[in-house]
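Encoded as structure tokens, the structure appears first; notes follow it.
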Amino acid sequence: MAAPDAGLFVGLISGTSADGIDAALVRFDDAGVAVAPQCELLLGRTYPWQDALRTRLVELGQGGDARSLEELGTLDVQVAEAFAEATRQLLDEAGVAPAQVRAIGSHGQTVRHRPDGARHDGQHPFTWQLGDGNVIAERSGIATVADFRRRDVAAGGHGAPLLPALHATLLHSAAEDRAVLNLGGIANVTLLPATGAVRGFDTGPANCLMDAWCLRHTGRAFDADGAFAAQGRLDAELLARLLDEPWFVLPPPKSTGREQFHLDWLQARLRGGEAPADVQATLLELSAVTVADALRAQQPQTRRVLACGGGVRNARLLERIAAQWPETVLESTARYGVDPDFVEAMGFAWLARQTLAGLPGNLPSVTGARGPRVLGAVYAAA
Ligand SMILES: Nc1ncnc2c1ncn2[C@@H]1O[C@H](COP(=O)(O)OP(=O)(O)OP(=O)(O)O)[C@@H](O)[C@H]1O
Ligand SMILES: [Mg+2]
């Protein structure tokens with residue numbers, strides 16, 4: 001198998017929250033992939049979406065329908081143009097010329113994730129990320145790898161999570177059983193036993209429901225540090241109704257998105273008349289309970305949970321997760337030299353490197369795919 005090239009990669013992602021475009025400039029050493037590569041974040045930045053574009057992407061991601069094929073085609077290019085512009089700004093600030101960069105790995109923006117098919121009957125499963133790799137390569141002048149998830153879905157997997165392999169590379173310890181917890185729009189965990197196979201799966205909402213409820217009732221895009229939740233009281237009956245969702249008890253492999261956990265899902269479980277802050281407090285507890293329950297069920301001997309993603313900034317959320325599971329230590333990945341805001345973007349740089357080397361990017365033990373697969377499509381530099 002070809003050895004991967006050493007060098008510089010850019011990783012790009014806008015996650016389920018569509019809160020911004022995360023861009024990471026990453027340098028890999030030349031030790032090869034068989035040995036865990038050294039992987040250094042040289043610069044990480046989050047660039048804002050243009051407001052109207054973001055609003056539309058969020059609507060689509062929450063289950064809204066595209067108005068027309070024309071709209072979808074246009075959005076595909078608009079997302080790609082924004083990603084290329086993010087790359088330009090990142091490299092500008094880093095003082096790196098595009099020609100020095102080996103490749104971009106672009107996740108794009110998910111607008112629909114249906115690993116069990118549109119009718120949940122297992123027929124025609126799909127996942128769909130916008131952000132045409134042709135446009136990113138053309139605008140940036142850098143070879144681009146994109147469309148990472150769909151090959152795994154074609155091979156019978158969920159196409160998600162794709163980050164566990166990188167989590168293992170960066171954060172595995174032979175001395176203790178660990179888990180990595182990504183608190184994005186959706187929460188996902190990677191199980192890293194001291195010995196044995198890596199596993200990983202989504203556990204449900206982390207921030208997506210809290211964000212949506214907070215926006216509706218305060219006009220703010222997210223609940224900074226859980227302050228709104230702190231004004232309310234846990235509604236135990238509502239929590240029980242929310243936890244009644246059958247998805248939570250499905251065994252892994254499993255993945256989900258905003259098309260499942262959105263305001264209509266919440267609305268259908270409200271009695272009416274609840275105080276908005278009480279609902280926010282309950283949503284925060286829902287995230288904490290579902291994360292802790294899923295981790296405990298799948299890897300009860302976990303000694304340390306290392307958290308990343310935007311939810312790490314929500315001290316109240318971390319406090320409630322820790323309270324659910326006092327026997328484990330909960331820390332930010334920052335304590336292990338991994339910037340919690342850019343783990344995902346680094347992951348797509350890593351996936352691009354795998355693809356160019358002809359190496360698989362998925363872990364079948366995580367996604368449920370029939371086997372390891374080289375992921376994504378390569379769009380050569382001009
Ligand atoms: N200071 C803060 N207090 C509370 N929550 C915060 C704070 N900063 C960020 N967040 C939360 O983090 C979210 C963004 O996190 P992140 O970028 O990891 O998620 P994402 O883009 O949805 O990624 P993923 O693909 O992992 O779901 C915001 O939408 C917000 O809910
Ligand atoms: Mg984000």
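Yeah, the Cβs are placed from backbone N, Cα and C, and that goes for glycine too.
Feature annotations, reproduced from TrEMBL:
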| type | residues | note |
| --- | --- | --- |
| BINDING | Gly15, Thr16, Ser17, Ala18, Asp19, Gly20, Ile21, Asp22 | ATP binding site |
For Asp22 (ATP binding site): intrachain residues, at least 6 apart, with Cβ closer than 8 Å: Gly11, Leu12, Ile13, Ser14, Gly15, Gly44, Arg45, Thr46, Asp341, Phe342, Glu344, Ala345
CB-centroid shell, 8 A cutoff, ATP site Gly15, Thr16, Ser17, Ala18, Asp19, Gly20, Ile21, Asp22, site residues removed: Ile13, Ser14, Thr46, Gly184, Gly185
Annotated binding-site residues Thr16, Ala18, Asp19, Ile21, filtered by Cβ under 6 Å to ligand 2: Asp19
Ala18, Ile21 as binding-site residues, winner by CB count within 10 A: Ile21
Candidates Gly15, Gly20: member of the binding-site residues with the richest Cβ shell (10 Å): Gly15
Local Cβ density at Thr16 (ATP binding site) - other Cβ atoms counted within 10 Å: 25
Annotated binding-site residues Ala18, Gly20, Ile21, filtered by Cβ under 6 Å to ligand 1: none
Residues satisfying Cβ distance under 8 Å from Asp19 (ATP binding site), sequence separation of at least 6: Thr46, Asp211, Ala221, Phe222, Gly310
